[in-house]
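Notes follow the structure.
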Amino acid sequence: MGGNHSHKPPVFDENEEVNFDHFQILRAIGKGSFGKVCIVQKRDTKKMYAMKYMNKQKCVERDEVRNVFRELQIMQGLEHPFLVNLWYSFQDEEDMFMVVDLLLGGDLRYHLQQNVHFTEGTVKLYICELALALEYLQRYHIIHRDIKPDNILLDEHGHVHITDFNIATVLKGSEKASSMAGTKPYMAPEVFQVYVDGGPGYSYPVDWWSLGVTAYELLRGWRPYEIHSATPIDEILNMFKVERVHYSSTWCEGMVSLLKKLLTKDPESRLSSLRDIQSMTYLADMNWDAVFEKALMPGFVPNKGRLNCDPTFELEEMILESKPLHKKKKRLAKHRSRDSTKDSCPLNGHLQQCLETVRKEFIIFNREKLRRQQGHNGQLSDLDGRIGSQTSSKLQDGRNNNILTHTCPRGCSS
């Protein structure tokens, strides 16, 4: 009785901004550097996505707002087969939300921990796919600065996708980046050098060094240098000076040559463009159009019968999370009712001011709507202009000069 109506997808006004109610929460699957991630289904289209959500108050208290805004500003101008693409961004009183491509194959770190053996053929294809993504980012003046197995997700067929742009930076013209950012074991020598003596700065080659470290680790199970998060910088720089990278005698000559050129300490001599990669004899037989079209099948395909992530994330969300997502609707209704009776506990003035600024400055994005407006051609026709005028002007070496600085003088987002 009435069953027919229950199966009809809800109809949302095309002009209405996408919000939390437009999605059904299915399960928690992970934690990023600035938030948690769950699988969601859009109620009207039934399409599945990953939804990252970040608590506003925690972001303000931890000085993370700028990084969240940076990631949003960069991702709204990008779309590529080997990136995790942004579809929607919106907010409510508690959280900021980013809805992105759902990739259920897990990240490469997870598979390394599961002792997956990656063949040379598989890693060769990964390098090619990631090279296409890095070339695309470089075209729009973006350095990712955190390429590593943790930030490379697999789709169900085993193709790679770069995620996590919260420490990425946009360069203007021929300028170089000058702040130390990244994950130590994957950071290029010139990034550490900038920290020690100012140096000349660094540019796009740092991402290609990180690609080399990642490829080496996938093949061997450990990294070319014994660097950890606690390793002192002077010790790291000394390692680069005196230690030689050891390449397995079982690897083919072409792979060793490719890795050596990616792990060249001098950024001027390092492989750091798609043209450089394509010039390698080892990759002469590669059909690059087929790579771009995902027509070449990777040697490793994730297990479709299991969720390729740590199952404890779901337990944490259900049991340990003080503000679980599945109870949000009821919780917000209760807060709104309490606010209307003036019976709520006010936050301290400075925090309240920061949260209000976050609300005003938050970037709302809807790729589905954008595509409709552009005639369903699937192309972001104004991509170059939007990246150039909006993102580059605001993001200079990771410093977003326009976000929160005018109303939060005590640095809640620095």
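Each residue's number is its place along the chain shown, starting with 1.
Glycine too: its Cβ is placed from the backbone N, Cα and C atoms.
The following features are taken from Swiss-Prot:
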type: DOMAIN; residues: 23-283; note: domain 'Protein kinase'
type: BINDING; residues: ILE29, GLY30, LYS31, GLY32, SER33, PHE34, GLY35, LYS36, VAL37, LYS52; note: ATP binding site
type: ACT_SITE; residues: ASP146; note: active site, proton acceptor
type: REGION; residues: 374-400; note: region 'Disordered'
type: COMPBIAS; residues: 388-400; note: compositional bias 'Polar residues'
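Positions of Swiss-Prot features highlighted on the structure.
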| residue | record | Cβ contacts under 8 Å, 6 or more apart |
| --- | --- | --- |
| GLY35 | ATP binding site | LYS52, TYR53, MET54, ASN55, VAL68, MET96 |
| VAL37 | ATP binding site | ALA28, ILE29, GLY30, LYS31, ALA50, MET51, LYS52, TYR53 |
| ASP146 | active site, proton acceptor | ASP164, ILE167, ALA168, ALA181, GLY182, THR183, TYR186, SER210 |
Problem - Sparsest Cβ surroundings (other CB atoms within 10 Å) among the binding-site residues ILE29, LYS31 - result: LYS31
Fill in the blank from the handout: Taken over the domain 'Protein kinase' (23-283), the predicted model's pLDDT averages 95
Problem - Secondary-structure category, per DSSP, in which the residue listed as 'active site, proton acceptor' falls - result: coil
